[in-house]
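Pulled the feature table from Swiss-Prot, pasting it below:
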BINDING   Met95, Tyr124, His163, Ser186, Lys187, Gly188, Asn227, Gly228, Leu229, Arg230, Glu266, Tyr293  substrate binding site
BINDING   His270, His334  Zn(2+) binding site
BINDING   Cys410, Cys413, Cys417  [4Fe-4S] cluster binding site
Amino acid sequence: MKTQVEHAVDGIITEQMATVAHDEDLSPEYIRTMVAEGKIVIPNNSNSTPKPVGIGKGLRTKVNASIGTSSDIVNYQAEVRKARIAEQAGADTLMELSVGGNLDRVRREVLAAVNLPVGNVPLYQAFCDATRKYGSADKLDPEELFDLIEQQCEDGLAFMAIHCGINRYTIERLRKQHYRYGGLVSKGGTSMVSWMEHNNRENPLYEQFDRVVAILKKYDVCLSLGNGLRAGAIHDSHDRAQMQELIINCELAQLGREMGCQMLVEGPGHMPLDEVEANILIQKRMSNEAPYYMLGPISTDVVPGFDHISSAIGAAQSARYGADLICYITPAEHLALPNEDDVRSGVEAARVATYIGDMNKYPDKGRQRDKAMSKARRDLQWDKQFELALMPEQARQVRDSRLPEEEHSCTMCGNFCAANGSKTLFDGDLQGDKC
């Protein structure tokens, strides 16, 4: 069976491409061309029917939500509820990142619960299984890792974050720079580095990259090149280890595309705002515009409990400069496993961020909704305001909880409503458009 990339190269517009074109108000031929060039991906699986979601050049910036058990908290029903909440709140994709309990069970229950494209990190289960079976993650048998990747593809996952870019050379760059304020912050990345050091061997996901691609290509699953050496502190942003891994991932993205597999490149998690534009420019240049999946980024390290806000600020910048998929951050980041309220808050914050970013990335079409909202506010058209709101239910709920005496106003200003005063003063003189 051919992949989306192979169909696109052959000039065929698939059902998935046509759906994305309709949803994005773009031509099917544009989507086909970008998929063929590796600049748009549509996470998919030949064993399942996830909702077609386009990620990449010229498209709305998408939001990913991550859920999953931990070794301390295992509640399968709660993770299914979180997955459904993420979908209801407007997430475009979902990652199931469990490391506690029966990992096959939670993955399959989440896949059955939502219509979104679902991804994961195969290394999590591989190292968990090795620990249970052999007493140490460092005793992982690479053959069991490849078997697991295939099993998870068979279950219906649409994309996988796989840490192929960590190799002996990148680890040496980290060691020789003699600092890392935030240390290593990727669970999969840290475990793979430990395995490599303990066994004095190369990363099998890098060494046998063609084998990884062959498995995912068999199911038309999108390969997201994970960043196990990403910066976990803003003072580590763009250090040599992170950049070396990015270089390798961009090289692998090109190789994977040439083999007929859909490829994403993952970006960093902590980054000061003044470095965001440069980071995206570097990734786009080195990867020939492969879709970029940014993990936030968190733009300051000192607001635990409010990292969803810090991340939203960074995500707006990322979307504006060309990031294609943003992984949400919740208020629980750095503190605890997110609960259901945290998941909703994280999705909402990321949606606001990507909307703001897209307003500036696509100014011609991205600001028309805001113009319509401004007119509705000026004219005190409340139903129209709710219709245009990004999250209308929340807006309506707030207003209904504090209704004013006069229907046209709100309880913020009451009888001193500036919009109503403006309407009275100018009586239609402000109804025109800019020249």
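Along the chain as shown, residues are numbered 1 onward.
Any Cβ shown, glycine's included, is placed from N, Cα and C.
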Which of the three DSSP states, helix, strand or coil, fits Cys413 ([4Fe-4S] cluster binding site)?
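DSSP assigns Cys413 ([4Fe-4S] cluster binding site) to coil.
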Which chain-mates of Lys187 (substrate binding site) that are at least 6 residues away have a CB under 8 A from its CB, listed by sequence?
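Non-local contacts for Lys187 (substrate binding site): Val99, Val121, Leu123, Tyr124.
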Would you kindly give the Cα-Cα distance separating His334 (Zn(2+) binding site) and Cys413 ([4Fe-4S] cluster binding site), rounded to the nearest Å?
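Just about 39 Å between their Cα atoms.
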Closest to Cys417 ([4Fe-4S] cluster binding site): which of the binding-site residues Asn227, Leu229, Glu266, going by Cα position?
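Comparing Cα positions, the closest of these binding-site residues turns out to be Glu266.
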With a 10 Å radius around each C-beta, find which of these binding-site residues (His270, His334) has the fewest other C-beta atoms nearby.
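Taking His270, His334 as the binding-site residues, the minimal 10 Å Cβ count falls on His334.
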Quick one: largest C-alpha distance among Met95, Tyr124, His163, Ser186, Lys187, Gly188, Asn227, Gly228, Leu229, Arg230, Glu266, Tyr293, binding substrate per the record, in angstrom?
19
Which of the binding-site residues His270, His334, Cys410 has its Cα closest in space to the Cα of Asn227 (substrate binding site)?
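Considering only the listed binding-site residues, the nearest one is His270.
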Within 8 Å of the centroid of the Cβ atoms of Cys410, Cys413, Cys417, which other residues of that chain place their own Cβ, given that this set defines the recorded [4Fe-4S] cluster site?
Pro404, Ser409, Thr411, Met412, Gly414, Phe416, Ala418, Ala419, Asn420
For the binding-site residues Met95, Asn227, Leu229, Glu266, Cys410, which one has its C-beta crowded by the most other C-beta atoms within 10 angstroms?
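Per the Cβ count, the most surrounded site is Leu229.
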Which of the three DSSP states, helix, strand or coil, fits Lys187 (substrate binding site)?
helix
Which residues does His163 (substrate binding site) neighbour through Cβ under 8 Å, counting only same-chain ones at least six apart?
Val121, Leu123, Ser186, Gly188, Gly189, Met192, Asn203, Leu205, Gly226, Asn227, Gly228
Pick out which of the binding-site residues Cys413, Cys417 has the most other Cβ atoms within 10 Å of its own Cβ.
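In terms of Cβ crowding, the pick is Cys417.
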